[in-house]
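J.: Pulled these from TrEMBL:
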{"type": "SITE", "residues": "R14", "note": "site 'Transition state stabilizer'"}
{"type": "ACT_SITE", "residues": "H18", "note": "active site, proton acceptor"}
{"type": "BINDING", "residues": "D19, V22, G24, D26, S28, E42", "note": "Ca(2+) 1 binding site"}
{"type": "DISULFID", "residues": "C20-C25", "note": "disulfide bond"}
{"type": "DISULFID", "residues": "C76-C278", "note": "disulfide bond"}
{"type": "BINDING", "residues": "T149, D201, T204, D209", "note": "Ca(2+) 2 binding site"}
{"type": "DISULFID", "residues": "C155-C187", "note": "disulfide bond"}
Amino acid sequence: MFKDAPASGPATIRLFFHDCFVEGCDGSILISTKPGSKELAEKDAEDNKDLAKEAFEGINKAKAVVESKCPGVVSCADILAIATRDFVHLVGGPYYQVKKGRWDGKISKASRVHQNLPQSNSTVDHLLKIFSSKGLTPEDLVVLSGAHTIGFAHCKQFVNRLYDYKGTKKPDPYMDPRLLKALKMSCPQFGGNVDIVAPFDVTTPFSFDNAYYGNLEAKLGLLASDQALSLDPRTKSFVQDFAKDKHKFFQAFAAAMEKMGNIGVKRGRKHGEFRKDCTMHMAVVQRVVSASVEVEGRIVSAIGPGLLVLVGLHESDVDSDADYICRKVLNMRLFPNEETGKTWDLSVVQKSYEILLVSQFTLYGILKGNKPDFHVAMPPEKAKPFYASLVEKFQKAYKQDAVKDGIFGAMMKVNLVNDGPVTMHLDSAQPSK
């Protein structure tokens, strides 16, 4: 993949940074915004919109390969951490150990992103505050910023340095005039191409080395937040040390990446899960007062109180995944116990309620631009018998007449009266621990 798409390397490294700094290194940045959700997921936050799609696609492809060999064993979070290490090494950087055992985080909220990420114009005070909140030192700040030895930034990240530095209507005095002139040619103050990028490291942009630090000393830093590291006495000495000694930088970078990789790691079912697909969940479970499926003006299935389950099938799903979903849905305690007064106490089985299953391949839709793509969904010829077997599992495990379903592949109108409302998202991947 790296040979075919060289940008995937620095893009994956940046993806890992953005993941670890928000909810911890838990793969939560990979989760797509759930259909109908009022809260955007991390990946859809404004600060993450520039993250290259190649990085997301690479992790998803790696996950699919791993799942085909070892289903439910390796988390998306571990795959992202390992891929980052491998990309660092592929572009000439140090090889370091990656501790395994991360679980995938369940929480992914765009509203938590901005305050947890360094900005392109952050002051050293702001940078130190953010890094300190993650358990990282001033040296860690400088050495991890060295990841900017590769990669690119869009004009909007530094255009103010070229024309209106800190509201002065003048360029940043800490930018070399030659670099300033070159950047102005690519990035006009107004009306420029939003897709134009410039390398963080203007001298060796495709090599992982210590030239980034020498550039800062020569006023060749691209971002204001990078250049500030060479000016502040709390960070300047580290810049000078790494500019002189590539080996020292590599050693420090490897240690800092191992340290960062432990931020907010999730372990155990209380805090995490093992997602089969890093972006989506397999089933949406809704507690309903009633629900029905209509096809061509005719109601084909209807239930009273119970659960409406929208089922998405991934191309790598196997029979054990269907067993897991069946067992999980039948045992989810989503109903109140009127005798004890407990709100979340009884399952659909204990209440003798009904279940309506509806196939929905769009749960595995991925937006490419503005158009949905469903290439990771199970092909219809395989999905139809798989879905039929899932319905049969529910009927055998519960009661045949209490489990209804729609018509696979038909244009269905699903009507429901939500109870609560209560909506749960359930992934097909089985925790391996």
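Any Cβ shown, glycine's included, is placed from N, Cα and C.
No curator has checked TrEMBL annotations; they are predicted automatically.
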J.: Using the alpha carbons only, what distance in Å do you get between H18 (active site, proton acceptor) and G24 (Ca(2+) 1 binding site) once rounded?
T.: 9
J.: Within 8 Å of the Cβ centroid of the Ca(2+) 2 site residues T149, D201, T204, D209, which other residues of the same chain have their Cβ?
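T.: Everything else in range on the chain: I150, T203, P205, S207, F208, N210, A211, Y212.
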J.: Using Cβ atoms only, which residues of the same chain lie under 8 Å from V22 (Ca(2+) 1 binding site) while being at least 6 residues apart in sequence?
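T.: Sequence-distant Cβ neighbours: S28, I29, E42, R112, V113, N116, L117.
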J.: Indicate whether R14 (site 'Transition state stabilizer') is helix, strand or coil by DSSP.
T.: helix
J.: At 10 angstroms around each C-beta, which of the binding-site residues S28, T149, T204 has the fewest other C-beta atoms nearby?
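T.: Counting other Cβ atoms within 10 Å of each of the binding-site residues S28, T149, T204 gives the minimum at T204.
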J.: Per DSSP, C187 (disulfide bond) is which: helix, strand or coil?
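T.: Note: C187 (disulfide bond) is coil by DSSP, not helix or strand.
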J.: Around the recorded Ca(2+) 1 site, report the further residues of that chain (criterion: Cβ within 8 Å of the mean position of the Cβ atoms of D19, V22, G24, D26, S28, E42; site residues excluded), sequence-ordered.
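T.: These residues sit around the Ca(2+) 1 site: H18, C20, F21, E23, C25, G27, I29, G105, I107, S108, G264.
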J.: Who sits close to C187 (disulfide bond): which same-chain residues at least 6 apart have their Cβ under 8 Å from its Cβ?
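T.: The list for C187 (disulfide bond) reads C155, F158, V159, L162, I196, A198, given in order along the sequence.
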J.: What kind of secondary structure is E42 (Ca(2+) 1 binding site) part of, going by DSSP in three states?
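T.: The three-state answer is helix.
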J.: Could you state the CA-to-CA distance between D209 (Ca(2+) 2 binding site) and C20 (disulfide bond) to the nearest Å?
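T.: Here the two Cα atoms lie 23 Å apart.
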J.: Work out how many Å separate T204 (Ca(2+) 2 binding site) and D19 (Ca(2+) 1 binding site) at their Cα atoms, rounded off.
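T.: Counting only the Cα atoms, the answer is 26 Å.
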J.: Where among the binding-site residues D19, D26, D201, D209 do you find the Cβ with the fewest other Cβ atoms within 10 Å?
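T.: The binding-site residues D19, D26, D201, D209 were compared, and D209 has the fewest Cβ atoms within 10 Å.
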J.: Spatially speaking, which of the recorded positions R14, D19, G24, C25, C76 is closest to D201 (Ca(2+) 2 binding site)? Use C-alpha to C-alpha, please.
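T.: So, spelling it out, the nearest of the recorded positions is R14.
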J.: What Cα-Cα separation, expressed in whole Å, is found between G24 (Ca(2+) 1 binding site) and C76 (disulfide bond)?
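T.: One finds 13 Å between the Cα atoms of these residues.
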J.: To the nearest whole angstrom, state the Cα distance for the pair R14 (site 'Transition state stabilizer') and C278 (disulfide bond).
T.: 17
